[in-house]
Each structure stands twice: as structure tokens, then as C-alpha cells.
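Starting off with a structure, shown below.
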Amino acid sequence: MTESVSKPVRPRAAVILAAGQGTRMKSPTPKVLHRLAGRTLLDHAIDAAEGLGCERIIVVVGAHSPQVGESARKRLGPDATVIQDPPLGTGHAVLAAKDALADFHGDVVVTYADCPLTTAPVIAPLFDLITHVAHVAVLGFEAQNPTGYGRLILAPGHVLLRIVEEKEADLATKQVKHCNSGVLAADRAVLFDLLANVRNDNAKGEYYLTDVVGLAHERHLSTRTAFAPEASVQGVNAQAELAAAEAVWQQNRRKALMVDGVTMPAPDTVHLAWDTQIAGGAVVEQFVVFGPGVSVASGAVIKAFSHLEGAVVGEGALIGPYARLRPGAEIGPDAHIGNFVEVKKVKVGAGAKANHLSYLGDGSVGEKANIGAGTIFCNYDGFEKFETHVGKGAFIGSNSALVAPVRVGDGAMTGSGSVITKDVEDGALALSRADQTSKAGWATKFRAIKQAQKDKKKDKKA
């Protein structure tokens, strides 16, 4: 879910840095296109920028990952990306966005596409600072282990004097636990004027964005720091860090849902998606997985080991255990979808039931209808999908196959084991199975013959 903050006082823009190689991920997928809660890291960063009210968003990408640029342009439009080539540091990356923002007059925030937990509310204090007291504002955090981070050298009142990178730090500076998240905000003109004067005379030969702080201080421009929890500014550079960020995100979202009145007996076992909507009064049992696009109404119960994606669950509905709702499933109020039932692109009416071992794909189930165990909506002929519609109050006998396109009318019934290939009119009973015959004594004779054959084989072996 995109978290928003109050309306901006001045126009805002964001420069999202997404040009890193991401080699430590050891994956053919670009780092920022890996997913957290079902959404790419890049999209999480864009969500934060949009939540801040940024009217312009520029994503800085590397020439090595065209997929990243394609993803950004697909969401933001054809002019949303610039290329940093060659990669010469964070300051150089932000400078790559200068021309794209030449006609923008307002405040700019620099963020990172690999920091999915750095949301709009986390960043928002920087805009408050540059609106009221600062020319440049930096987001900092207090690190339990500061090794590897740039250190914030502060004066009283969170006045920021300079940022010292780890490789440039002396022993005393390395003892400082106030660290730089990398997120920085300033007026556009101030930011790019300072960047134009950044030099690369450092251990890595790169142009550091952090050097703008020292330059600002030299020019008697005010610089300030806002602090955020360490967990909210952690970057993702390896698979283990992605898993750690996922765990933090899931924990935060589960807590928020429980505060809103959702019951979770074992919250640590529930996996949510970025846009999962669950109303207060709903119950989510153990080991439930939500993919993107799920909405659950108040009073619904999602029982253990169910999997939902792209589905709507109405008030008082009962799902599972071991149910699967796929995209397009709409479960009406007080409907039941039971164990080992799969529903895809089917609207299930209020009070309808499919309690056991069924596949319902493409179509509808009317109010109060009952779907017997083992029912299959046969929706695919190998080339096309077709729809099955079960009317209000209809009763589908166990082990029925409904071969689409077909309609079972209101109040109609099908006999168990039937293969229904033609429409069934309202109130009718449809049967399609061979007549049962009974041969008296046949089973007894069969067993006797088989036992004799078995005994004869034993005698030969003896």
C-alpha cells in the first residue's frame, strides 16, 4: 500500500537512484526488480515518491540493465528515466538527472530503488526541514554497527557539518554511530549548484553525493538531519538482505492490520502482499498466503493454509482450510469455499457453498447454490476458455463435470457422477450416467476363482 503524507507546501520532485550493478544478488533479475511483498523494489521507491506528493519522478538507471528503465517508463511515462554511464558515484548519478529537471522549480529528494522500507512518512521530515530551517537536509539513523556507513558529523541541534565515508574516516570518526541513509533533500537549484562543485579526489575516485553537505556548510548554507529507525532505511544488496527486509515489512503490516481489528492467532505465519486489504473483524488463521489484489471484508474467516490472489471475499464468508482463490474470484457474503476447492474468475453468490474438492473456473455460482464434492467446471478445450453458470439455489451432485459452455438453471439439480454438456432448465433434474446393474453372487464367484488360482501358484513353488 502507498503511504501518503500531507500536501506539499512547494512543488516536489524525486530522483531515484537505480543504476547499481547488484552483483551480490547473484541473479539474472536486476536487483531493483526483485520483489518484496509481491512488488518490485523499484515500485516501492516510486510509491514512496508518489506518497510524498512528488509531481516529477526521475529514475537514474545503468546502461547494463535496460529492464529497469523499461519498468520505470512503463509506470511513469517515456521521460521518466536517465542513464548514468559510466557509473562514477552517487553525486554523478544525481547530476545525470539535471537536464530532466531543468524546468522544475521546487524541492528535490534523492532516494534509492533498493530501500523498500524507506516510505513516504520516513522521508517526509526532510521536506519539513528544508521548508523551514535548512537548505540541505539528510536522513540519518543511529546504527548498532556503523561499519560500512558514512558517518554524520553533527553540531548541537542536529546541525550537520559534513558526512565522512567509511574509507575516508579516521579512527575517531569510525566511533560515531550517527550514520547516513543516503536520502537527501534540497531545493533543485541549490542541489545542482552544489553538485557542480563536487570533486572526486577520494579513495574510490568517485563523485559523492554526500560531499554537498560539506560544500553547503562552507557556503554558510544551513544543513540539518532528521533521524529514522535503522530498520526503515536498510538497503537490499543480497538475497539474505532481501529476506530480512521482507520480514520487517511483513511484521509491520501485520501489526497495522491487528491494530485495525483483524484477528490473527499466529501472525508470524501469515504472508501479506503490498496491497492486501483486510477489514477489521475478519479472521486470518495460520499459514495463509495473500498474493496481490486481495480484499477481505469484515466478518470473513480465512482458515489455515489457504492461498488467495486477485480475489474479493465478502462479509461473513468462510474460506478454507486449504482453499485457493485465484484472480477474478469474487466470494459473496456468507459463502463457503472449503478444503481443496480452487476458484478462478467465478462470482460466487451470497450463501453459496462449495465445501470439498472442487474446481470452479470461469463463470458464476448463484446465491444459496450448493456445489457437491468433486465438482469440476470443465472450462478449457485446449484452445479457448468457456463459462459455466450455476443458478440460484441449484444443487450440483458430487463428482459432477459441467462441460462449458453450459448453464444449470435456478433451483435445478444434477445427479452425482453426471457429465453435464447441455443447459439444464430451472427446477429440472439432470442425470447422465449408465444404469446400475447387479449380478447376484458374481463377487463371491470371482473371489473363489482368484483364490484358487493364487493357491495353485503357491503349490507349484512349493
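Placement of Cβ uses the backbone N, Cα and C atoms for every residue, glycine included.
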Looking at Swiss-Prot, which one out of SER306, SER398 binds acetyl-CoA in the same site as ALA373, ASN379, TYR380, SER416, ARG433?
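Only hit among SER306, SER398 in Swiss-Prot's acetyl-CoA site, alongside ALA373, ASN379, TYR380, SER416, ARG433: SER398.
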So if I exclude everything within five residues of the ends of the region 'Linker' (240-260), which remaining residues of that chain have a CB under 8 angstroms from its CBs? That is, six or more out.
25, 34, 36-37, 116-117, 231, 234, 267-268, 270-272, 276, 278-280
Including all protein chains shown, what's the count of other C-beta atoms within 10 A of the C-beta of GLY150 (UDP-N-acetyl-alpha-D-glucosamine binding site)?
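A count of 27.
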Tell me, how many other CB atoms lie within 10 A of the CB of ASP114 (Mg(2+) binding site), whichever protein chain they belong to?
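Summing over all protein chains shown, ASP114 (Mg(2+) binding site) has 26 other Cβ atoms within 10 Å.
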Counting only residues 6+ away in sequence within the same chain, which have a CB under 8 Å from the CB of ASN237 (Mg(2+) binding site)?
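In sequence order, the residues whose Cβ lies under 8 Å from that of ASN237 (Mg(2+) binding site) (at least 6 apart) are GLY22, ARG24, MET25, LYS31, ASP114.
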Which state, by DSSP, holds ARG326 (UDP-N-acetyl-alpha-D-glucosamine binding site): helix, strand or coil?
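Coil, per DSSP.
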Within 10 Å of the Cβ of TYR359 (UDP-N-acetyl-alpha-D-glucosamine binding site), how many other Cβ atoms can be counted across all chains shown?
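Looking across every protein chain shown, the total is 19.
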Specify the nearest of the binding-site residues GLY89, ARG326, TYR359 to TYR380 (acetyl-CoA binding site), where nearness means the distance between Cα atoms.
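Sorting the binding-site residues by distance from TYR380 (acetyl-CoA binding site), the top entry is TYR359.
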Which residues does ALA373 (acetyl-CoA binding site) neighbour through Cβ under 8 Å, counting only same-chain ones at least six apart?
ASN355, HIS356, LEU357, SER358, SER398, ASN399
